[in-house]
């Protein structure tokens, strides 16, 4: 009997010693791993400069997240500037290194080399189809053309404001606009928009819902069309869907990281008369120079003043993001 008790006690003590040994081994192993990991971090820390730069993500729904550099406070050292210009500017300048020259000049104003991007576009119409405003600050140059005043105004209204948009299924539904901030925005290679207002019995007012030829044409073969109809009235629409996409959009407010500079013209285009523009100020300016070199020199000279009336990027705009948030 005593032999059995001694054996039990001995077994218990041996088990206790064994467990203690295992725990110490595990502890030593974990300490080794942790200390090695910390050593690697300490060694690599001086070689790594953490940055939290903005990432160009497609903005959808009502997401509104600012992406900012959080490690330094310099205004321009951590910012990017995009300068959009018509291709005719590069043609007139006829210098393969003209952008490098301007980059060096921007450097004198505090913009590091590589922070300024130059992006050409063919014409107002083509730029309207695929506006890509990815930088923290975006300056769009538009040369004045008396025949394109309305196109220029529509483009300015699009890029100087933010829009929350939803798809429209015009084959199944009628649509109405609720207020002055509610517009229908169409983009594509050729957008022809026709509308037929409806009464409470869904009968056409001055048109027949079964005859699209009786519809009123509000846009004809345009690349960008911002359509405004009578609020609170249902409409049946006809759209060239094979070459155009239409969205039901709500103006949210100004897009403060975009400025438009009009080159030439007797008067600057004024889109502030729109009652949905509040406050009645816009980031639109005018430069009256005949030669493009003078235009760019002026922009370099006053770039910091221009940027001061803007706010750093909070949203990106591209053709994919347009369909939900513009």
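Just so it is clear, glycine is given a Cβ too, placed from its N, Cα and C backbone atoms.
Residues 228, 229, 231, 301 are given by Swiss-Prot as Ca(2+) 2 binders; from 104, 132, 149, 177, that same site also lists 177.
Looking only at Cα atoms, residue 165 (disulfide bond) sits nearest to 177 among the binding-site residues 177, 214, 216, 231. Between the CA atoms of residue 244 (disulfide bond) and residue 228 (Ca(2+) 2 binding site) there is a gap of 17 Å, rounded to the nearest whole number. The DSSP secondary structure for residue 228 (Ca(2+) 2 binding site) is coil. Taking residue 196 (disulfide bond) as the reference point, none of the binding-site residues 95, 228, 231, 301 has a C-alpha atom within 10 Å of its C-alpha. According to its DSSP assignment, residue 207 (disulfide bond) is coil.
The shortest Cα-Cα distance between residue 229 (Ca(2+) 2 binding site) and any of the recorded positions 82, 95, 206, 214, 216 is the one to 216. Within 10 Å of residue 249 (disulfide bond), as judged by C-alpha distances, the binding-site residues found are 177; the full candidate list was 95, 177, 216, 228.
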